[in-house]
Every structure is written in structure tokens, then in C-alpha cells.
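Trainee: This is the structure, below, for whatever I ask next.
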Amino acid sequence: MDNSMMDSTLRRILFFSNEFPSDDLKDLFRRLDQHSKDRRFRLLSIFLEESTAILKDEVSKLPRPLKELVPPFNSVLSLVDVDFRQGPLGAAMESSMLTILELGLFIGHYESEDTEWDLVPGQSVLAGLSIGILAAAAVALSSSLADVAKTGAEAVRVSFRLGVYVADISTKLEAPQSDGTLSSWAHVVTEMTEASVQDELKQFNTGTHSPELTKVFVSAADKTSVSVSGPPSRIKAAFQHSPVLRYSKSLPLPVYDGLCHASHLYTRSDIDSIINSSESVILPDRSVRLALLSSQTGKPFVAKTASDLFLEIGTELLTGTIYLDNVTAGIVQHLQPQSKETSSCQIDSFRTSLVLRGIHSAVEAELSRDRQLTRRDLVSWISRDFGPRRPRSQASSKLAIVGMACRLPGGANDLDLFWKLLEEGRDTLTTVPPDRFDLNTHYDPTGKTENATQTPYGNFIDRPGFFDAGFFNMSPREAEQTDPMQRLALVTAYEALEMAGVVPGRTPSTHPSRIGTFYGQASDDWRELNASQNISTYAVPGGERSFGNGRINYFFKFSGPSFNLDTACSSGLAAVQAACSALWAGEVDTAIAGGLNVITDPDNYCGLGNAHFLSKTGQCKVWDKDADGYCRADGIGSVVIKRLEDAEADNDNILAVVLGASTNHSAEAISITHPHAGAQKANYRQVLNQAGVNPIDVSYIELHGTGTQAGDAVESESVSDIFAPVTPRRRPDQRLYLGAVKSNIGHGEAAAGIASLLKALLVYQKNLIPKHIGIKSEINPTIPKDLERRNVGLAMQNTPWPRPAGKKRLAVVNSFGAHGGNTTLLLEDAPERVKIQGTEDRITHSILLSAKSKTSLQANMESLLSYLDQHPETSLADLAYTTSSRRMHHNMRFGTLVSSISGLQKMLRSQLDNPNFASEIRPVPNEAPSVILAFTGQGAYYHGMGSELFAEFPYFRAQVQQLDRLAQRLGFPSVVPVIENRIEDAPSSPILTQLSVVILEIALARFWSLLGVSISAVIGHSLGEYAALAVAGVISAADAIYLVGRRAQLVEERCAQASHSMLSVRASEDAIQEMLAVELETASITYEVSCCNTNQDTVIGGPKGEINDIRRALEAKSIKCTILDVPYAFHTAQMNPILDDLETLAKAVPFKAPSIPVISPLLATVIYDVKSLDANYLRRATRETVDFAAAIEAAQDMGLVDSKTIWIDVGPHPICAGLVRSMIPSASAIPSCRRNEDSIATISKGLVTLYLAGLTPSWVEFFKPREREYSLLYLPKYRWNETDYWIPYIGTWTLDKAHLKHGTKPKTPFSGSMSRPSALRTSLVHQITAETVEATTATLHTISDMQHPDFLEAIHGHTMNKCGVATSSIWSDMAFTVGEYLYRRLVPNTKDVHMNLTDVEVLHAQVASKTKGSVQPLVLRAHLDLSTNSMSLAWFNADGETGECAAESFATATIRFEDPEAWRKDWARLAHLVRGRIEVLEQRATEGKASRLSKPLAYALFKNVVDYADRYRGMDSVVLDELEAMAEVTLVPERYGTWHTPPHWIDSVSHLAGLVMNGSDASNTRDYFFVTPGCDSFRLLKKLEPGARYRSYVRMSPLPEDPNMHSGDVYILQGEEIVGMVGMIRFRRVPRLLMDRFFSPPTTTSVAVPVPPLTGATMKCKDITQTAPALPTPAPPIVVSSPVVSSTMACNIPEPAPLLATSSKSSTPKESPIVTPAESERAEPVDNSMTSQCLRLMARETGLEVEALTADASFVQLGVDSLMSLVLSEKFRAELGVEIKSSLFLECPTIGEMTAWIEEYC
């Protein structure tokens, strides 16, 4: 902090110049921008944001020609690179940028010094020249630095407006030069007085008769110079006209944009238009706080408010003359002493200038000699190093890349191999491997073979099909169908996370909800080629791109965003950029990003070759003169990115830092695939501006470098122009190196960008730029010739790239997409990390390894051993930290505690050398064992217990200290000296002893919880029961301390010390009594049983002498006895004196129900509620026997304890642990502390034990106290247990499809349709075109011809407008026909099929064509699914010529197969109501209140809309009462064709509703007719019978939501029983004048035209090729149809599964069985053969071997997900007749549980 700023006697001038500092302006603005992103410069950031907003606002108001001169910008920094000088906005931009710079530097100076506002009125005065006065005005109006951020932005507004206005006026005086040459509007003349210059100008202006507006005038003057202003041509003429001026010393000033200080030109109205605009947000009444000197008078402006001040300034700038002498005089006057106390003066300025130096010299000359004048620079702060940036927001953060992984060509399956490949300069070019496709058939260099590739070359990864399916919980079947890109995305994501040390949830930034995935992918080879040969259950999740990311999120349980991006060749780096954007936006805290490409499809080779993308000669020849295209490549890469501050907080290794990332598009390119230098350069500038980086500082660029003539030329131009410009030139030590990884490994397309990034990251790690191998002959002549002069070029040899001391290297990575996208990343070195050295290391360290299979675990151990052999110097502490805290852990585990690397190596070798090692590996159980805390009594007390934990772990220390403070507040002594071992060895008092033990135990219990141990129950031994009750929440910790302390005090007060003693006897209570029977009979001794610890371990107590006698007696009988080191005999009569008082004290303590079960040694039971826990309990626990053995037995009996339960002994020494092991020999008992052992080592050993038992302790908490002392090691990656899941492309069908010549006209599907045999043929359903039947699903496609005689006659039975119109009864019959047919195909022995036709909707009326001999085809598609007992149907028009279906269906419906008894029951409840209404109608007809219509009259009324043929006229009579009616119906006896239910019968029993709407007096049938837009359901309890009599009833009513729509239910009765119902039939009112429009016959034989494929399901009738189901599409406008033809909306029903295989069946590679994670007992064959059948079926469907289905194998591990469980469930039912719901796989999660269920219930 500058001390002068705190001097209250200091007189200060702040001078705001009208000139920019002499520094590099771009660099100044970059630094301002970067500082503004630091939270230490909050106000600077606000000012820049406000200024940017104001400039945007002002630019938006400009006239269009001016507005177009300003490029879009997000910050003022973006405008620094734009040259406005030659345009009309030069003055505006220069003025506003100068204002921004000076005020930004001013604000930043104060924030950098972290000083208070110290500009005191009277002591501080402001001065400035020209535009500088506006910046000074912002300070003058401010009373704090925060004010400057607001007022400063308004000063920017005025500066901009002033510049625009002046330029506009000035161009009206003289137009700019047509060639863009800049001319000065002002000259300075020296060694002449103002008067003499004025005389010369007056003579010129008068003599040339100049107009007043264009005269030359004096704009500024001082003692030594005069500034002359005017139009440039007029100034030139004036100097030529006047000999005095011509020969004077003069020079032009850099004033190019117009006139200011011209009183003859501007008036008050001009000033008002700039200053007093209504858009200004300045508070007009804001007070002037500081004096601001006028540049004309040298005196302060008189204005008192903001509006007046800006008005005065505007007047001076436009009309006033600058007099520097007056300014100097004003400054001197302010700095002259006002009192004796004032002794120092200071001028603050922005660097210095000629003018400022003159002012400074003049001021020094005028000041008194006792005045000390200093000058302070307000710019110098900007170059200071303020240490690591503290981001002001997430958007200001730098990003850290912390992990990476790859699968790249040339065997580069890891980073080391990739680097070796680069370092050696290897080329991975090869020909296409046979497992991709056969070059013998698919390669034709001549290009004559259609669909063949013209190049045989590529770059391919090794073993693309190898995958550890079991690790990722996938079945072999699912793995095989899953795209290798998806699989390797999973693998590399895991490896990158492993390298980064990411354990989801370990830190806030790695919480699963804050992790997202971003991957680039540009092809679907596997889905389109390999997997499509045999489409299975997993076709969609295995092939659709979105599942690649989704699978990563699902496996790791990340719930952040998941994006799959396609930007062609830049997809990988664009995904990284999207990830960076998400991090900057705060959408995620950790991002996994990458690019994916695995080549299998020859079609893409052919397409790219035909488009001239690919080289026919081999590898990418980047920058070579013979570059002829790129060479394709596989590639998979993943990186893990965090914000830098998060990575540092997480103790991550940082590979490099991302400063900026951007993507734009080459919109101005000559073609969509041609690169554009301008767009690339704009993207570079965006990234550089975002980071505030000087492009000259970038020293390495990884080029996109495809090796094409256009691409190389354009990229070399853009890179050299921005990063190595002609001026300013790079210094000799600023060499810019270039590289292109495509010359090594080819163009990975979607993975190209990620490969480039991985190379750049390795360059940072290795400090070496690998040599470029792309130039095979000589450099491409299109590359700029002057690259060497610009100090830029390719690294042709392996070139060291050392990190400069104290600096960071900058690198750029480019990736461009063929579609025009450009993505650029800017990187810098990671911050230098100084590892904190610990004062002492831990004695032992936990080393952990895990895997999901035995094979992988053994391999991981081998890898670690190999690593240690190669790196014996490895830090054991770092290794423990890495393997424990920074690894995800799995169910196959190895753990050990070692004290040296050599000891670990020995341990690993001994394990691996054991031939039975693999077979001895056991997985940890799926369900972690329970953990019980056992709290010891005071017998384990010693000084220094837990001291290491107290010193090492802040949490434990805080717990002890908090509890200790509670004890002290209760009046008890501090126990901390005991814990720290700062107490003398003399025996401690009972109070200190017991409090120390209880406080230690409560703290230890909480510490175990911190370490991730979930407690199942507690048990306390004697004193330990108080700690147990506190931990269980029965009493508070404070109450436990209080009771223990007071009890100890009572013991001291009431009980004689050393009068009694306690004896531990190695015998049971009964045995002791038997052995002492003689002594007891003689009453020579007495004792009491204090503790029954085990069945053979008893503690007795009593008077000291008698206990000694007992000891001697028992020892004489060879019984082991030990006198306990306690001063009292607890749990004996000695405690009687304290019991009443103790109980009284305890009654004041609240007891609560335990939060976890309490195992009670007093009651020998498990306590779950508070009923048994009260003050009396504590009384009894003090006096009565501690029956520890019985308590444990009770816990076992109640199921709380089993053989797997883990016991943690909580206390100073593991006493309870020994007791537990005596009771349960197999029990695992862990000590917390142990006498004479480092307690950290004890805890470590316990954590390893817990880990191996199946718990996952919180290692992060264990290492947290000293995490900065540890480093994350780059250990060998996880060793996968891989199997090759590869579906080879068989045959030549990609070539064969080209043989279908475009000119060949296919036969229509109807050619001979009536003659071809069909399994299903009726009057309406004519031909099956496709059919597939599986276990639980069936799909059927049929074709019908409406012109077929039977169909046509059915249509003509229902005519409208003299046209035959298909009634919905036709669709009903077709639906029932297909429904019964398919249902019987799946369930062949069904007696009757009862169908409910629901959701009937028709979009278009089907009108019969009147063209003779025409074909009018219809297509019906149906898909039945037994799992839902439903069948979806959709009807489509088809083209009579081509057979192509319309894109959208004209009708849809759903059939539901239901239980008719349910209908019968429902209708039985309604029948009396319907019959009642019928009776009422009959009665009203008799009374003449309702109309009774005969058949002729009824159908005559119908003719208002529809004319029915005789067979349709089934209604004998009708009673009509407004909108309610009933009809007597007799069906005609003839069927007239082959039907399921004849349409004329359906119509007869149901069209009463149409009569009500179109024949009732309640309807306006003159102007309207009514049509039905569908119904909700149609069902018949039994089939309609020929000639049978029925009754129909309906009541229609308007819908409240739509008055033009009516609805009602049509009931069909036979006798008294309801036998059918049309539910919610709807009718819409339609104007009659639309009849012709909707019901006219088609004019051509083609009623549907081919349309482009839609999203989702589309198909041709002749071609059953299928895609994913379509989503419902928005409904088109309603189309009205006949009364019985529904018309509402169209929707695409979900398409059925594929009907036909489109290629030969793939040959599946032989699968090796997955190594199961357990060497467990196989599921034994059982007598019930159903079990083995089920197992075989599961194995077959999942692709596993039956042997893999072990009893403890979980379905999750086997990859049986919800989809597979549905498949299995249906297979069980269809093949084995076993009803197993899919939910059972959740209820029985393992094979063993499932087989047990089958045995029990099947």
C-alpha cells in the first residue's frame, strides 16, 4: 500500500490525458480483461461489463450503415482488434476506448492496492484534456470507487456519442479520401504566438472567402505552440497561402475524424443532442464531489450537478479553446501551500506524455522550494503478478484437464504407447483389416464398382471388439450388440477417471449429480452394418448414439448432462469445448469429454472417396506438396476436466490448463466443405480475447492438418496471420512450433480433435515436441513463403520444449469439421505445485487393490509389482494415498498394511507365486456386514491413549476438545493432558480415569463414523455403557459426561479406596462356585460376580482380603486368575452407598429411544425402545452383574449378530474384542487403540479389515488432514478381463444393393394379389405381405384393394354425396379379423378371443374411386404384444402404381384383449338403468311426447347425410326424443361375404347415434351435418347372430369443452341383457356446404404419394426395413368424414419389431466365458427339472454359459437389465409355461434367490 495515499496533508492532481499510453494497447486491454475476472477486481469487472452494455446499446441505435461497421462483441476487448480509424466510427471508438482504458486503470489501481477511497474534496483536484475530461468527470461525480464503475460507464456513453456526432458533422464539411487515406484535421505550430497565427488565419479565411463553417481556426494554444484546426484541405491551403505558416515549425496531429473546439460550428442544440439525450441513465441531480479544472480557463467547472457538469464539458469540448497555460496555472494554484501542514504534492497520471512533462516542469518551476512534487503512474500496477487468479465467477475460471485415456491406431492402447509412437515418428498406415471388410471384394481403385472404396488404406486400433462385459454389468449378448465406440467410451472414461483419481462423491466437485459427459461421434458404422445383420433386443440401446454417453452416466450413476455431438471431423474437440462451456456456465463441476470413431462400413469409405475427401495414396501428407486428401483412422479418447480451483482443492494432478475454447462456422466459405481463413482467424481471436493472451506468446500449435491442398493452405494462412504476424514480429527466442498428429495416425474424424488434444497434453508432460513426419517430399508451395522470417514452422525433429522459469507455455489445438465448423482450444502449463513436506511420516500404510474379476485382480497386482520394480523410489505414502483414497473400489479385493516398498514387493510376490492364489480369492458380499461398536470399561485406561489420533486428525481432536470443554464447564478436570500423555505416571483419580475413557470412546465412535463406518448396534461393558448410550442417542454426550463424572465423585466420597478388589477368573460362574464350595460352606469367604464376560471368563469382586484368599484357592487348582488394577470393586455391594444419589442424578437426565439398537449386558437382551432405559437402569448397571456373554448370545438369537458381523472395540485397549472372539471364534474384531502401539497404525489396520470384509471406508477422510503432503501417482491402469465381442460383416450386401437400378420399375404389391395364396383372406383383408411371430409379440402387414368387389360393395352400402364412403364398421371388422388371427398365432388353443376396439380415430375419409379398373390399395399394420394384452393398428393409403405407403396413417386404433366377464358384470349393473330409459322412451312415444319412426321414415331421415344399402338397414323402428333414442333392430340373415363381424351388422346395431344427430329436431340438419370423429371403445360380449333381434339405445349430449361436439354411449341389448357397447362415440357439427369438398371420389388411381422418410418408423409395403418407433406427431387440421368414418388426428403408432432379416445371419465369434467375480458354489442341479430349464433359458438369452450362473451371481453383474428381464419373463411363460413377472428379478437379485423361488413356487 502506498503510504502517501494515507497522508491527510497530501495535495493531489489526477490528470486524464487525451492520449493513449505508449504501451501496447492490445496488451493493456487484455490485462484489464484478465484482472477483471479475478474477484479481487470486482469493481473493475462491473465497470467493464457496464461499459460493454452501454456500447452495445449505443451501437444498436446507429443507422444501419454505421451499425454494420461494428462486429458483434461480448466485451470491449473484442473491439481492440478492430481497426476503425479509416471509417466514420474512428472518433467514437477511439474516444470511448480511451475513456474505458483510463477509468479501468484508475479503478484497477485502487483495487490492486486494496485501499479505501481517499480522494478528499479540497485536497484532490481533477484535470484533463479533450476526451480525458469526460473520464475525469466520472471521478468528479463519485464519492466512492463503486460510484466510478457506474458514472464511468456513462462517461463512455457520452464519449461514444460525441465521437459519432463530431464525425457525422465533419464529413458534411469535407468528405473522407476515396482511397481511405487518413488526413489530419489539426496541425500544431510551434514558436509562434496565438495572435500571430490568428492573424495569418484571418487573412486566409477572408482572402479565400471561406464559408464560416469551413474556416481554419485556433483550437488550442499555450506559450510555445498553437493548434490549428479545420477541414484537411482547408488547412493544407492555409499553410500554402501563408508564407509565415508555410515556413513555420509545424506538424499534423493524429486527429483524423473531425472538428472539436469549434465555436463557429456547434451550438447549444448540438450539445444537447449529445449530453441531454433521454437515453442517458446518469442521475441528473448527482452532486459534483471533486473539483474538475476546465481546459479552457484552468478554473474548476462551476457545475454542481451531473447534468450541468456534462453540459459544461460538452460545451467546452465542442466550442471552447484549450489553453494549457491556464490548466498549468490552475494546477499550480491547487498545489500551492494552503497551510503550514501541507508539505507534499502529487500528480497521478496514466504514464507520461509530452504535454504532461511540460505541465510537470511548469508546475515544478512555479511551486515553492519547500514543496515536494511526486508523480504516480496509474498504469504500472497492471503488470504486477498478483499470484494465482481467484475467479470472480465460474465463467472466469481457468479449467484443468486432470485425466486422459485413449485407444489409437498403431497399438497405442495407452498414453505411454501413444507417446512412444510419436517420439519415434512412426506412421500407423495399413490396409483395411479383414475383420472390418474384405478388400478383395470391396476395393476397386478404378472406381467402376459401385459402392466400392477406391482406397485400401486406413489407420486402425488393435482389438476393437475386446471388452470386459462383466465389469460394466453387461451380458455377452448386450455387449455384442453394443457399438464398440460405446464400449470403448466406457473403458476410456473409466481409465481417464482412474488417472484423474476421481472417486464419485469424494469431493464436492465430483458429486455424481455434478458430473456430465460430452462425446463427439460422427458415424454409426456398427449399427448400420454389423449389428443390423441380426437385429436383436439391444439394437437400439446398443447402436443409437445417445446411449454411448447415457451408458457412461448410467454405469457411474452420474446425473449431470449427457450430450452426444456431431460436428463431423471436429466432433471430438467440439465435445471438449461443449464440456468447457458447461463448466464455465456452472452446469457441471466435472466433465468427461472425448471423441469416438471405429470404422467398419465400406459405404462411408465409398462416399468419402467419391466426394474426394480421401487420399488414394496413403497417409495424411500434412503440408506436403503432394497432399491429396486424408487417410481414415479409428480413434477413441477421453479427458476429464474440472475448474482449476476445484482441481487444486481436490489435490489433482493437472495435465494442462484450458484458458479458452470456442467454436464457430465458416459461413462465408466458397462451399460448405471448403475451409475459410477468415472464420478460423475470428475463432482464434475469440479464444485469445477470452483468455487475455497475446498471440505472440503462443509457442506451439497442434494443427488440424488433414493433408488436403485447400485445408493446409488455409490453415497455414490463418495461423501465421494471427500467431506470427508480419508486425509485430516474433523475437528470435519466440519460435512458434507447429505439429499435426494426423501425419502419424491418420484422420480419426470424430476422434481427430481429441487425438490432437491428447498429443498436446503429452507434449506438456514430456517437454518435447515430436517431429513432424507429414512432409514426404517437399513443403506445399501454397504454404506462406515467409514462415521462417516470421519465426514459425513445423518441428521437423524432436524438439525440446522446456518450461521457462517462472512462466507458462501456451499452446493451441485446432480441429475443423468438414461441414464448416472450427474449434480451437488454448492451453497453458499447469500451476507449479510445491508439495508440502510432512514433519513425520506414518509408520505403516494401507495398500489396496480391487477388481471385478479374479483375473483382473491378479493382473492388477502384477502390474503394480512391475511398476514398483521399475520405480523402487516410489513414495509409499503416495502409493497408499493413490490406491486407497483415489481409486474406485470393486468387489474383488486385496489389501495389506506395509511399512516399506520392499515389504510390499515381497508381499505381492508371495501372493502371486502362490499357485492357489486365484482360487482363494473371494468377492466381498453384495451386502456389507453389520458393524457393532463395543465400548470397553475403565480397566483399559492408560496415559496417552489415542494421542497419535489426537495429534494427527483435526476432527478427532476437535471432538475430544469439545467434549473436554463440556466436562470442564461441568466442573470436572480436563482430560486432554491424559490423551496427550502430558500427565505424570502417578495413578489418576477415578474422576479423571473414567472421564478420559468415556470422552475418548465417544470421540472414537464419531471418528469411526467419519471414516464411513455405518453402525448397526452398540454394546457397552461396565463404564463403556455410558459411551454406548450416548452414541446410540439415549442420553446426550454432555449428560454421559455429567453422570460419569458425578458417579466417580460419589465413589470417591462414599467408597473406601483399596478396601475391595476385583479378580478375573478363567472359568465360568458355575465352575467357580463348584471349586469354592467348601470355602463357601464354611462362610470363610464371600464374593460377588461382577462380570460374566464369556462362558469361561468371569470377574468377581469383594473385600480385598477375601478376594486374595479366593485367588490363592483357585490358583491352587490351576485356575488362571488376575487381580485387576482398579481401586474399587464395581458391580458389588461396595457400590451400594452411591446408588440412591446416582439414581436421583440420573432422573434429571432425559432418556430417549435409541437411534440404533443397544445390546444390554444388564438385561441380556437387545433394546430397541426407551421403555427399559431410565435412571433405574443406570442404578442397576452400576450394582448388578455385567452379563456380556449372555448379551451377545441374545443378540445372536435375535438375528442382530451373525458370523459376518464385524466388531469394533471402542476404547483404549481391545478388551471387548477378545471377549467377542471367545464367544464367536470366527468373529472379526477390530481395535481402535492398543496399548504400546501407534493408534494411527491400529486404525489403518482396522480400515483394511473393514475394506476386505466388504465395507468401503471413507479413505478421503483418513488422508484429508495431510492430503497436501501426498501426490496422486500415475499407476498402471486397470487390467481388463476382456473377451472379443465382434460381429463381422458377412458377404457383399453393401455392394449388392447398388444393383437395384434406379430406372427399374418394381412390381406393385397388388400384381396378382388375388391369385397369390395367403394365410388370411377375407372380404376386406386380401393379402398378408409380412408376418413375424415371436414368443410374446407378433406383427402383421396386410394389403387390401378397395376396388375388390367385396370391399367395394361394403363401401357402397354407405354412400354420401353419391360416393361410396368406407364406414368405421369396415375398419372394425378388419381390426377384429387381424386381432383374432394374430392372437391365435401366439395363443393357439384359445377358445374365444374377446376384443375391445379402443381409441378409434380416422384422419381421412376413404372414398371409393369411380375409375374403372383402378387399384385403390390400403395397408394395415398391426403389432400385438402379449405383455400388455394389446394390439396397435394403423391403416395407410398406398400408391396404386409404386406400392409405396403414405408417410402417415389415415386411421389408428388399439385392440385390447380383455376378460368378457368383467364387461358382463359392469353391464349387469347398468342394464336396469338402460332398460328403464327404454321404457320411458316407449311411454313418451305412447303419450305422443316422443317420435316413433318406422324403418322407411328413419332411413329417409338418414338420407340427410348418408344413404344406406338395404343390408345396412337393420333398424325396424325408432323412438326419438330430441337427443335420446332407442331402436328395435333385426339383422339381415345373410353375411354377404367373409368377415369376422359383417360391417352391415355392426352398422345396424350402432348407427342409431348417427340418426339422433342427423335426424333429430334438436339438430339443425338444414345447415349442418354431423360426422363421427371416432369412439373410445367398441366391444361385443358375444358375436352378432344372423337374423337376430336387438335393441339399441343412446343418449347424446354436448361436450362442455366443445359445443360443436356431442358424445354418447350406444348400448346394444339382446333381450334384457346388454351384449355390446360403443363407448363415447363422438359427433362433430360440420357446415353442409363442405359436403362436396370432403366426400368426392379420388380422381386418380393413386391416392397416396411417396414421401421422404420421417423421424422414427417409416416403411414401404414391399420393404419391411424398419427403424426405431416414431413419436406421435402433432395433429394436422381436422378433416371431416362420413358419420361413421372418424376424423380427428393422425399419429404414428409405434412400429413393430423388424419382420425380416435384411442380410445373412452374422457369425458370432466364439465367446469365452466371463470370469465370474466369485469362486463360489455353482447353482446345484435340483430334482425339480424346471430349475435347470430356467437356467438354460437364461443362459441362452443372455449369451452366458450355464456355469457362469453361480448362486451368488447377481443379475446386475450378469447384465440382466429391465429390458432383458422382460424378455426372460415372456420366454419363461411362452416356452416353459412359468409365470414369472419381470419384477421378480428385482425381488430376487441373485441366481441363488431366483432358483430358490422357482423351487418353492414352480
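Just so it is clear, glycine is given a Cβ too, placed from its N, Cα and C backbone atoms.
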Trainee: With the ranges 366-396, 428-458, 1699-1729 to choose from, which does Swiss-Prot describe as region 'Disordered'?
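Mentor: Range annotated as region 'Disordered' by Swiss-Prot: 1699-1729.
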Trainee: According to DSSP, how is the region 'N-terminal hotdog fold' (1326-1462) divided among helix, strand and coil residues?
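Mentor: For that range the per-state counts are 30 helix, 57 strand, 50 coil.
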Trainee: Quick one: give me the count of other CB atoms within 10 A of the CB of His747 (active site, for beta-ketoacyl synthase activity).
Mentor: 31
Trainee: I need the CA-to-CA distance for His747 (active site, for beta-ketoacyl synthase activity) versus His704 (active site, for beta-ketoacyl synthase activity), whole Å please.
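Mentor: Rounded to a whole number, the Cα-Cα distance is 9 Å.
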Trainee: State the count of C-beta atoms found within 10 angstroms of the C-beta of His704 (active site, for beta-ketoacyl synthase activity), not counting that atom itself.
Mentor: 30
Trainee: I'm trying to understand the geometry here, so how far is the Cα atom of His704 (active site, for beta-ketoacyl synthase activity) from the Cα atom of Cys569 (active site, for beta-ketoacyl synthase activity), in Å to the nearest whole number?
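Mentor: So the alpha carbons of His704 (active site, for beta-ketoacyl synthase activity) and Cys569 (active site, for beta-ketoacyl synthase activity) sit roughly 10 Å from each other.
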Trainee: For the region 'Malonyl-CoA:ACP transacylase (MAT) domain' (935-1235), what's the model's average pLDDT?
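Mentor: Average per-residue pLDDT within the region 'Malonyl-CoA:ACP transacylase (MAT) domain' (935-1235): 93.
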Trainee: Below 8 Å Cβ to Cβ and six or more residues apart, same chain only. Which residues does that give for Cys569 (active site, for beta-ketoacyl synthase activity)?
Mentor: Ala522, His704, Thr706, His747, Glu749, Ala750, Ala752, Gly753, Ser815, Phe816, Gly817, Ala818
Trainee: Check the DSSP secondary structure of His704 (active site, for beta-ketoacyl synthase activity), expressed as helix, strand or coil.
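Mentor: DSSP call for His704 (active site, for beta-ketoacyl synthase activity): coil, neither helix nor strand.
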